[in-house]
Amino acid sequence: KKMENKTSFLPQEGEVRPSRCPDNSAFKQQKLPAWKPQLTIATVLSSFFFTGTFCLSVGVCLILSANSVREIQIDYSDKCSDCSKLRENSSNWNKECHCSVNFTLKEDILGDVFMYYGLQNFYQNHRRYMISRSDAQLLGRNVNIQKSYCTPFTTYRNGTPMAPCGAIANSMFNDSIDLFYNLNSSVIQVPLLKTGNSWWTDKNVKFRNPKSYNLSSAFAGTARPPYWQKPVYLLDEEDERNNGYVNDDFIIWMRVSAFATFRNLYRRVRRIRQFADGLPAGNYSFHISYNFPVTKFKGRKHVILSTVVWSGGSNPFLGIAYVVSGTAATLTGFVITAVHLKLRKKKTYFQK
Amino acid sequence: MTVPREMPEKWPRVRAPGGAEEERRVRANAREYNEKFQYASNCIKTSKYNIVTFLPVNLFEQFQEVANTYFLFLLILQLIPQISSLSWFTTIVPLVLVLTITAVKDATDDYFRHKSDNQVNNRQSQVLIGGVLRQEQWMNVRVGDIIKLENNQFVAADLLLLSSSEPHGLCYIETAELDGETNMKVRQAIPVTSELSDTSKLARFDGEVICEPPNNKLDKFGGTLYWKENKYPLSNQNMLLRGCVLRNTEWCFGLVIFAGPDTKLMQNSGRTKFKRTSIDRLMNTLVLWIFGFLVCMGVILAIGNAIWEHEVGVCFQIYLPWDEGVHSAFFSGFLSFWSYIIILNTVVPISLYVSVEVIRLGHSYFINWDKKMYCAKRRTPAEARTTTLNEELGQVEYIFSDKTGTLTQNIMVFSKCSVNGHSYGDVQDVLGHKAELGERPEPVDFSFNPLADPRFQFWDPSLLEAVKLGDPHVHEFFRLLSLCHTVMSEEKSEGELYYKAQSPDEGALVTAARNFGFVFRSRTPKTITVHELGRAITYQLLAILDFNNIRKRMSVIVRSPEGKIRLYCKGADTILLERLHPVNQDLTNVTTDHLNEYAGEGLRTLVLAYKDLEEGYYEDWSERLHRASSAAEAREDRLARLYDEVEHDMMLLGATAIEDKLQQGVPETIAILTLANIKIWVLTGDKQGEALLGWGSGLAGDEDIHGLDPICLGAVGQTLPPSAEPGSAHGFLSPETAVNIGYSCKMLTDDMTEVFVVTGHTVLEVREELRKAREKMMDASRSMGNGFSYQEKLSSSKLTSVLEAIAGEYALVINGHSLAHALEADMEVEFLETACACKAVICCRVTPLQKAQVVELVKKYKKAVTLAIGDGANDVSMIKTAHIGVGISGQEGIQAVLASDYSFSQFKFLQRLLLVHGRWSYLRMCKFLCYFFYKNFAFTMVHFWFGFFCGFSAQTVYDQYFITLYNIVYTSLPVLAMGVFDQDVPEQRSMEYPKLYEPGQLNLLFNKREFFICIAQGIYTSVLMFFIPYGVFADATRDDGAQLADYQSFAVTVATSLVIVVSVQIGLDTGFWTAINHFFIWGSLAAYFAILFAMHSDSLFQMFPNQFRFVGNAQNTLAQPTVWLTIALTTVVCIMPVVAFRFLKLDLKPELSDTVRYTQLVRKKQKTQHRCMRRVGRVGSRRSGYAFSHQEGFGELIMSGKNMRLSSLALSTFTARPSAGWIETLRKKKGSDGSTAGSPSGAADKTLKV
């Protein structure tokens, strides 16, 4: 009888085992309370008609406001053919070349007027172009640009680093454009603002000049990029806060465009004197110092005057797209209604 | 034991050089000698790694995955500066993450394998070394060692039994681990060695065994023992195989023949195949396609780049000179190809693989946590042992099920009987009418009988009344049951009786007799003592005319105390009814009706009869029997003829009906699974331990009888041969039991047009039978006016398609030996076609290997997902072969569970596993994949369009951090939440409408077509994603006059609209918004903006000016109304068409699940009406089965008294023996399980087998 205990091989009844029963929680039993949205005719139709109405109204607003934008765009790549030919030969880089373009405003352009330069076929969005910069250098830090992505515009053969380095900086748009108002045979230069055109963050965070007692000493030991006519610390000799890396034209150029055709803000019309309400109707001319060659890469240059509204400048696309999609949504709403009423199978699946 | 023939020298004596082992020589107690052969040691190893090899081997394995290698390749590409269009971290972060997660998982798995290996290898066993018994670990046991086993110990290796504590060198083993059979078997040592009972004698034993090489045949062993210049043939009867458990035997000694990996158990375990789901395979194909697509895009863009550089780039060189080393546009194009491969690789992000694993893991946890799949009785929750197969559970088309222990509990219950034309056992209500199921009255009270088994329940009081009233027929009926059997009794204390029956059927019958007052108390070789209504009567046992498969009956001849000699016989109705005396005609008719009724309920029936024998006649017969049994030749024939002679002109007593207790909920489960269009094949081994494949048992040419006649529901008996020629001892084995089970589990129904039984013994017969079946089915479908479709299908000349068009329900029952032929290479297709045309298929007497072959066959020719479910070790091969293996857990044998992918303890949980978890898993995985491909195409293809505007320079549209984080942070969690939690219809609906399961089987939710739709949607989105902002930005200015279309603003706008669009899309895809979904979807959006502003913040830029160039971009860009209008427009244009299409599809061509959802929404109260139909119990069909699951030869053992130490003779000693503990435990266990629980290890099913 003493052997009885020894030989039991099955778990004894009294043996205490931890319960292996799963918890009865909603999570573990997949019974979490849940919202079960379904596509019903009511929700679908209301969403379509709502979307349609919304899109149509936004579209109409956009088109209306876009229509109130005044814009003048002048292609001057051919108007200065002499200059462009001169610039084709890079040995003439330091020869100045000027030309002027006349145009007439038939009616006043009221409000803030912005002046842009536009480039066509200039691939600022090319990968190798876009990476060819050193943000650390532009932040005014004494960083070794040898290791940056600036190639092939990093240093000259003698080892002098370029400031700023990289293909973007090197190819900076360097035409200077002035606007003149021809009033009764007298020529008035339209006052233009060259600062305040860039993002605050760019101007105050992203771009900093190297610290030194003056700017030229800060850039000592560096050289201008090969295509530049003057070193970076001479970009704006009149305004210390617009010189060096924090020059607005430079900052705007460095904010590369997403597409090969783009416009960059160049100047704003300063609203004083007769330009307090904008540009009055009349004859105007652009005086252009032609430095930037575009013919080599079959590019075009424009100068643009434009006003803006809440949705930006003249941009018909968005308004039209809204109207089209609003119409489409509304039509789809009607189609769905028709289909639902006419074609849908009776819910007979269950009756089988 | 049969006398073995002289063992021929079958195996060449030498081991083939370098080749496989051709014969095995083992000398006892001679380690040096045996070491020459370098046999495998007893150490087993299932683990893959050790600490040193883990890292290299695991990494090597991981990089064999195409995906991982691909990402490594990308990483290398990114390190080349000329083509690196993205920073290296965009690839390495996800790659390292993936590799680490996988490695950790592999390491954990392997750790558990190590643990289980160690546990097995360190089990102790007693080894005889140098004449002394020493405790050794299993792994140190060598071939040729003699080891001692004690009761209830596992056998450590394949042993030749030398001697045991029992007389005649007998020993009892349980082979549940090995072949799933829960009955006990007897092994016997050869006489010369059975004397060697003490260590000193054994230490001197130096016999040499020459035997077959290691193989996986569990039931065969051939070898010769050479000892003292004598040869002794050895057979399987002398072997104890690893995995068996010694029972009822105090100790035994064995000689190790095969060890470790050479043992039959390990040889049978087969290699574990890494299972992949069909979605996995599809995914791999799709990834390859996508890769091809990627290369195409790369080529297009590279050509574009070459042309651009040739036309435009050359001129642009003043501002942007070509890189050093790039001298031609062509080479630039070549470089840009690789650059584009890098940036476009996100169409197949590595996070795809991780996410899929995470989702599957989540689903596995849900299975583990499911309370509705927890069996309180066995305390076993369901377990997903493999975490990678979940969605395949939603696609199962074929289920291969084991029978015993899976469908049935292997518990037989005496349920009805017919005595003298009166049927007892129907549950009756007070008024005596047949009661409906479910309103059971109190069970019959057996308290008058102190010896009654308290667990026995009977519902019809009239039978007990008949006993009490002294109805002589009823008395004789129960007397027969208490006398005519081979059950052993055991009485531990007065009145506490235990029966040990060879078959559960017998146990049930004897127990019934016991409760009705005819208590079988004890037996000796020559007597049987029965307490008849309290009166002890000892009958003289004159002869046992034992059962065999041809006779299908057994009889005893007893002499009552009054001196009357009477033969009691029980057997299959078909056999017995023909042997009755003609005067029984009327009674036979009534009884036959009853039998039909019982059979119709799926009960296993037996007919009982008796015959009085004249003293003189008996003397004469007995004399002839004695002569016959001592005859040298044709002994069996002569015995059979004598048995035949005496069992004639018998008087009918009645019939019994035994219920083979099904597991809970089996019929309902099968009915629901059938409604879900899942085909269920039952593959049962059914007590077929020995190699009883009846080759050429003289049944050839006997086509009319056992050919392919349909069983017209009840004609089974007639279909089967009433008797076979004597001498074919291993003859026909019964498909009847299996058919019974088929009916009781609602697999076979009366609605079925025909049930085909294939029982041929030769190739030709089987082929013929299969052909006939097909012809019949085709004839039927033709005649049923299905002519058109038939003709049409015929033109395609594919038999399969013809058979698929068959109308009507058919079932196929095939026997093991026929199956062996049917599975041969030239017939397997025929077999498969026939079987697949049938609604239900039952294969009986199937060996484990055949089970696997059947599964393999279906896998090979049908592109269908197969699931195998079983509980025993004999199901292991099938479980491993099938796409999904399910093991029934909570039983003693865990082999099946260990081999399985999923385990739970009740068959009925299968419906939940498939219809709820499987269905959801499939749905979620499909939705996940669709969305995942969509979102990555939408994300990546934008680069492609941008390529046309940026000089094909491989400039990305987005910030590189956005690219890195898009798949990891911004879009991963919402889709993961959907993949883990989504539900289209509540779980109850899946059960109510099993048809909801069909989309999975037909692979409707994610296939190549769906993939292309997703891709198309993704590309559509990417087009809008690029061109709408392009249209808006080109020439546009900000409201402060500055340029709007700078690259960084454009990047932020596109990225923001992308994140919003894909978030809205996931919101649209999510059908089940739990709090977690809300959190993840809103959280992802919030995270996007938070990270965006953080990345564009001043301080990060100050720290890493060259890395975070987008400083100030977020606040400047997102302050623009135009940008938001663009984002809104993009969202509307991307999403609204999807909504429209989805709604129209839902409205015009609703899926069942849509309809179910819809119905729920409007709360139509049709639930009860359309609940899945529960089939009503079948009535009145003539189909018989007989309850013997016997093996022959047990009667002989009883009469010889060899095993009488188990019987009452040795009762006094037995109680003190250790095995009593076993009985005790079993009793306890069974008691705790209750009558419905059913464990195959219950006392009733412990059967002894010689």
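We number each residue from 1, going along the chain as drawn.
Backbone N, Cα and C atoms are what each Cβ position is placed from, and that goes for glycine too.
Some features that TrEMBL has for this protein:
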- B:D402, B:T404, B:D871, B:D875: Mg(2+) binding site (BINDING)
- B:D402, B:K403, B:T404, B:E506, B:F547, B:K570, B:R604, B:T684, B:G685, B:D686, B:R845, B:K851, B:N874, B:D875: ATP binding site (BINDING)
- B:26-92: domain 'P-type ATPase N-terminal' (DOMAIN)
- B:897-1150: domain 'P-type ATPase C-terminal' (DOMAIN)
- B:1228-1250: region 'Disordered' (REGION)
- B:86-104: transmembrane segment (TRANSMEM)
- B:286-308: transmembrane segment (TRANSMEM)
- B:328-354: transmembrane segment (TRANSMEM)
- B:928-949: transmembrane segment (TRANSMEM)
- B:961-981: transmembrane segment (TRANSMEM)
- B:1011-1030: transmembrane segment (TRANSMEM)
- B:1050-1068: transmembrane segment (TRANSMEM)
- B:1075-1095: transmembrane segment (TRANSMEM)
- B:1123-1144: transmembrane segment (TRANSMEM)
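Counting same-chain residues at least six beyond the ends of the transmembrane segment (B:961-981), those with a Cβ under 8 angstroms from any Cβ of the stretch are 86-87, 89-90, 93-94, 343, 346, 349, 351, 355, 358-359, 362-363, 924-925, 927-928, 931-932, 935-936, 939, 1051, 1055, 1058-1059, 1062-1063, 1066-1067, 1069-1070, 1072, 1074, 1076-1077, 1080-1081, 1083-1084, 1087-1088, 1091, 1095. Over all protein chains present, the Cβ of B:D402 (Mg(2+) binding site) has 28 other Cβ atoms lying within 10 Å. Helix, strand and coil counts under DSSP for the domain 'P-type ATPase N-terminal' (B:26-92) come to 36 helix, 2 strand, 29 coil. Distant neighbours of the transmembrane segment (B:286-308): 66-67, 70, 329-330, 332-334, 336-338, 340-341, 344-345, 347-348, 933, 944, 947-948, 951-954, 1008, 1011; these residues of the same chain sit at least 6 beyond its ends, with a Cβ under 8 Å from one of its Cβ atoms. Of all the binding-site residues listed here (B:T404, B:N874), it is B:T404 whose C-beta has the fewest other C-beta atoms within 10 angstroms. All protein chains shown were included, and the count of other CB atoms within 10 Å of the CB of B:F547 (ATP binding site) stands at 26. When the binding-site residues B:F547, B:R604, B:R845, B:N874 are screened for a Cα within 10 A of the Cα of B:D402 (Mg(2+) binding site), the ones that qualify are B:N874. DSSP assigns B:R845 (ATP binding site) to coil in the three-state reduction, outside any helix or strand. Checked against B:D875 (Mg(2+) binding site) by C-alpha proximity, the binding-site residues B:F547, B:R604, B:R845 yield B:R845 as the nearest. For the recorded site, B:T404 (Mg(2+) binding site), the DSSP three-state label reads strand. For B:D871 (Mg(2+) binding site), other Cβ atoms within 10 Å of its Cβ number 35.
Counting every protein chain shown, the number of other Cβ atoms lying within 10 Å of the Cβ of B:R604 (ATP binding site) is 27. The 10 Å shell around the Cβ of B:D875 (Mg(2+) binding site) contains 35 further Cβ atoms across the protein chains shown. B:F547 (ATP binding site) is 28 Å away from B:D871 (Mg(2+) binding site) when you measure Cα to Cα. A mean pLDDT of 91 is what the model gives for the domain 'P-type ATPase C-terminal' (B:897-1150). B:F547 (ATP binding site) falls within neither a helix nor a strand when secondary structure is assigned with DSSP, and so counts as coil. The secondary structure of B:R604 (ATP binding site), as reduced to three states from DSSP, is extended strand. Secondary structure from DSSP puts B:N874 (ATP binding site) in a helix. A simple way to gauge crowding: the CB of B:R845 (ATP binding site) has 25 other CB atoms within 10 angstroms, across all the protein chains here. Each residue contributes its Cα atom, and for B:N874 (ATP binding site) and B:T404 (Mg(2+) binding site) these two points are 11 Å apart.
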